[in-house]
């Protein structure tokens, strides 16, 4: 299709303007506000005990959630692609559920399930804190990040098929050896991509986590919760900007990592 | 030696193998030949253990392997689409079976080097499969299968994904390799030319059963039935009989044709026909004809014969069969 020059230019301006106003302006604004008083102020603000604790908690949740998602994600993807069982269609739909359900609903559901009066309330009553503790936040994050590894690994498994695995079997490899030496290396890029998405989502999760966290600064606040409480409860606007910048920094590192890996994948 | 007895396999309503029994002698290169859906691949995969039989038994070198997984059958398997391990170099691909068996490194290295030389891939050790051509990949897959010193080598349409020229080169190469290595080899193919070219024995399969087993010459000259005859080489239907196109003689002189035809037992007689088209295919000439009964058939002539007759479309000729095939109507199970 041939488009006249003025039309083309207008379209470009509209598209770029849309992106700038929607994505770039807010991010730049926060960066500007953060570094306006100088880098020292930023460092001071993210080195308070509450901020360090929040960073640690966020990273701890990521460190627990990623391995669990890798193991169960790969297992689920294998079952979905290779399995021939009843209810495969149902499983397919269930995996996508976290995309459809609002995180805040997840939080409420978790309280109803694990809270003192819930079905699994006996755990809470026996003294093991799930809701308003780390386990609750981990479960909430697991829920919202569950689809990423599955959905990234699944198409790769489809693409590689089963011939390489059959060849390994005829060459004497046990199913365990075949998985480690053939299947896992073949899906490693899809898996990496899934992990990166999981990390980004786990760091940024807010709605589900705020419902199941007690929200004490320095104890049970993740970075997102810290931004929220500094801004709304403490009226510490600058502190909120600084924490947000830290959060963005982590996200940007993850994103860069993903881009580098993606480039590496396409050159191979 | 491989012995298959009473093999049955069905997928839902489709019967892939219907009571198949076959014996493959040690050191032979046997082709399983048949159209798609004839059960030839299923039979091969059942020998490998990649497919479980509904009933029947498989024995390799005198050992009943029916209940054993592929890992324990002492086989080498080559897939149509290479099944190369894409994330490994050529060296690691070929070494895979030996690494799995935890052989000493020096021994693995020596064996891999030897195999790469046999398959003509020396100098390609550090390449990845994606950097090889289709033919090279398949030779790598062969080296990989041979590395574990298999009792039998099983090839599932190994040249099916390659273009015609490479395919012809590779199958001659496989024949030479087999003469050197002497491992009992079974090759699945739907290409009769390939089977005639490389195999010393051919089993023709159709609809889940074996039609005939024998050496290529016997199968071509004494096919057990019309299916084997029409599947191995081309055929023409002359006066209701199946005849090889190169056994059809054309003549402009009807009386001479009738006289010559008297000495051919069971001949369909002399058929009057009109030339529709003359196609020159290098050293041979295919003449497409229409009998006065309306039946169309093709005769295959040498260039000299065609030149002597100087045929043109529309010419009247008289066709007769130089010889007829004595189709052996024997029980295929007894033909083993």
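Residue positions begin at 1 at the first shown residue.
Just so you know, glycine gets a Cβ as well, placed from its N, Cα and C.
Automatic prediction, not curation, is the source of TrEMBL annotations.
Positions annotated as domain 'ABC transmembrane type-1' by TrEMBL: A:55-259.
For the transmembrane segment (A:9-32), the residues of the chain that approach it from at least six positions outside its boundaries are 3, 241, 244-245, 248, judged by C-beta separation under 8 angstroms. The annotation transmembrane segment is assigned in TrEMBL to A:9-32 (among others).
Summarising the annotation, TrEMBL assigns transmembrane segment to A:52-81 (among others).
The feature transmembrane segment is assigned by TrEMBL to A:93-116 (among others). For the transmembrane segment (A:93-116), the residues of the chain that approach it from at least six positions outside its boundaries are 76, 80, 123-125, 130-131, 136, 139-140, 143-147, 150-151, 205-212, judged by C-beta separation under 8 angstroms.
Beyond the transmembrane segment (A:128-150), the same-chain residues lying 6 or more positions past its ends with a Cβ under 8 Å from any Cβ of the stretch are 57, 60-61, 64-65, 68-70, 72-74, 76-77, 80, 95-96, 98-99, 103, 106-107, 110-111, 114-115, 120, 191, 194-195, 197-198, 201-202, 205, 208-209, 211-214, 220, 222. Sequence annotations record features per position, and here TrEMBL assigns transmembrane segment to A:128-150 (among others).
The feature transmembrane segment is assigned by TrEMBL to A:191-218 (among others).
The transmembrane segment annotation in TrEMBL covers A:238-261 (among others).
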Chain residues outside the transmembrane segment (A:191-218) and at least six past its termini with a C-beta under 8 angstroms from it: 49-50, 53-54, 58, 61-62, 65-66, 69-70, 73-74, 102-104, 106-108, 110-111, 131-133, 136-137, 139-141, 143-145, 148-153, 184, 224-226, 228-229, 247, 250-251, 254-255, 257-258, 261-262
Intrachain residues whose Cβ lies under 8 Å of the transmembrane segment (A:238-261), provided they are six or more past its termini: 27, 30-31, 33-35, 37, 41-42, 45-46, 48, 51, 54-55, 58, 189, 192-193, 196-197, 199-200, 203-204, 223-224, 226-228, 230-231
